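So the structure is just underneath, and the comments pick up after that.
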Amino acid sequence: MIFTTLEHILTHISFSIISIVITIHLMILLVHEIVGLRDSLEKGMIATFFSITGLLVSRWISSGHFPLSNLYESLIFLSCSFSIIHMISKMGNHKNDLSTITAPSTIFTQGFATSGFLTEMHQSAILVPALQSQWLMMHVSMMLLSYAALLCGSLLSVALLVITFRKNIDIFFKGNNFLIKSFFFGEIQYLNEKRSVFKNTSFLSFRNYYKYQLTQRLDYWSYRVISLGFTFLTIGILCGAVWANEAWGSYWNWDPKETWAFITWTIFAIYLHTRTRIHIRSRTNQNLQSTNSALVASIGFLIIWICYFGINLLGIGLHSYGSFTLTST
């Protein structure tokens, strides 16, 4: 009873802290002059991590097994993984804005986990025989860490695509508008427009340079985070294959979950292949290649949710433990 009460308290604490973190981040985006808000944001993410970790530890003690036995526990661990990814990214660089993605992702996953959809899974249950293995901790934790990293990296790629396509659309419409005006209003008006363009060249160059730096930074962090997630995914699949051989007598069964995990691995392998070719291309080809790799990562974002969540909705196959109808992962 005491552990159940502690779980509820820690759940509300972590949810409240991460809500405050998102509010602080919005304030930083709107008002840059407020000193100390960024430090408060980082402290909030650390406090969220310890609250969720305390929740998982208390559930581990009360149930007697690692808390990854159903969809509710996996969502809580996924929200914890987002916090871990955020802190890992801060170790080498103190100026990245990955919290723009990690903080909303944490509150989204935790909010869904504590919603009424998964009420029956809030209570710990005895593990089914297939899950009573030491591989449960290694396999499932690696897969969820990979999902968190790949989702964050994919969202960075989505942001890169939005900025790139918006910039191209603005250039296209401004160019057409300029040509139409020069055609209808004559050569004098055209020359006046041309002079105004030269006057604003420095401002436009600065603006384009800022966008260029932003896209480069998004591409850089997307590549790093996806590389980390791909490593976790590979380890998780290998551990799952060994565990499957022990539990079911075969390393691979082409179960729906296994099939979509393989598709996910293939998509991000293609991303890494296209992304690593950027360094041997010219700058024009580099920009095009970055856009292409970001498009592959964006497709991977949808594939991850199908692999993790979509298969659980169906509740079929050997990995039906994490469905809504059953109470085990």
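Cβ coordinates come from backbone N, Cα and C, glycine included.
Listed in TrEMBL for this protein:
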- 12-32: transmembrane segment (TRANSMEM)
- 44-62: transmembrane segment (TRANSMEM)
- 68-88: transmembrane segment (TRANSMEM)
- 68-319: domain 'Cytochrome c assembly protein' (DOMAIN)
- 138-165: transmembrane segment (TRANSMEM)
- 221-244: transmembrane segment (TRANSMEM)
- 259-274: transmembrane segment (TRANSMEM)
- 295-318: transmembrane segment (TRANSMEM)
Long-range neighbours of the transmembrane segment (138-165), counting only residues six or more past its ends (CB under 8 A): 66, 68, 74, 77-78, 81-82, 84-85, 98, 101-102, 105, 211, 214-215, 218-219, 221-226, 228-233, 235-237, 239-240, 243, 261, 264, 268, 287, 290-291, 293-295, 297-298, 300-301, 304, 308, 329
Intrachain neighbours beyond the transmembrane segment (221-244), with Cβ under 8 angstroms and 6 or more residues off its ends: 85, 88-89, 96, 98, 133, 135-136, 138-140, 142-143, 145-150, 152-154, 156-157, 160, 250-253, 258, 261-262, 264-265, 268-269, 271-272, 275, 293-294, 297, 318
Mean of the pLDDT scores, which run from 0 to 100, over the domain 'Cytochrome c assembly protein' (68-319): 76
